[in-house]
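> Reproduced below are the annotations present in TrEMBL:
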- His82, His84, Glu88, His127: Fe(2+) binding site (BINDING)
- His82, His84, Glu88, His127: Ni(2+) binding site (BINDING)
Amino acid sequence: MSMKSSQFMFLCHGSSWSLHLGSLTCGNTGVCCSLDADKYENDPELEKIRRERNYSWMDIITICKDKLPNYEEKIKMFYEEHLHLDDEIRYILDGSGYFDVRDKEDKWIRIFMEKGDMITLPAGIYHRFTVDEKNYAKAMRLFVGEPVWTAYNRPADHFEARGQYMKFLAQTA
């Protein structure tokens, strides 16, 4: 199914439907917004977000065979279901791909991300990432403080971040 800019695709029991990014703040899956990726280097809106959320560190990753060392290995690693102990913030500068996240019932939600989309996945949420059929995405990675790259593959329910996330989900029920 082809999807328009800034839409989510939800997959549940074989059926699918989409929601516009603007109608959803990603509640239990994160915070989402759209920015003008063509001016990311001097974007006052991006700077405001970074300042308000204390995103003090950033880099840019280009996910394609020609630019990413050990491309095949990295793609497999990104697609392995995992969680982090810190929020994961990604801003798509070019290209596109999918974040899959788990909902309250432990079912996958597929989030289509393209140029201009930013997402914050909360610490403790199980997720994975893959590029789409174009095999290309350029993304800004943002962190509060020094970057922590450690991914904990499922099962990782024993971590405090997972417990806090599950507690949050229970409160939103």
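Cβ atoms are placed via backbone N, Cα and C, with glycine included.
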> With every protein chain in view, what's the tally of Cβ atoms within 10 Å of the Cβ of His82 (Fe(2+) binding site), excluding that atom itself?
19
> Beyond the listed site residues His82, His84, Glu88, His127, identify every same-chain residue whose Cβ lies within 8 Å of the center of their Cβ atoms for the Ni(2+) site.
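What remains near the Cβ centre is Leu83, Leu121, Ile125, Tyr126, Arg128, Ala151.
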> Measure from the Cβ of His84 (Fe(2+) binding site) and count the other Cβ atoms within 10 Å, all protein chains considered.
20
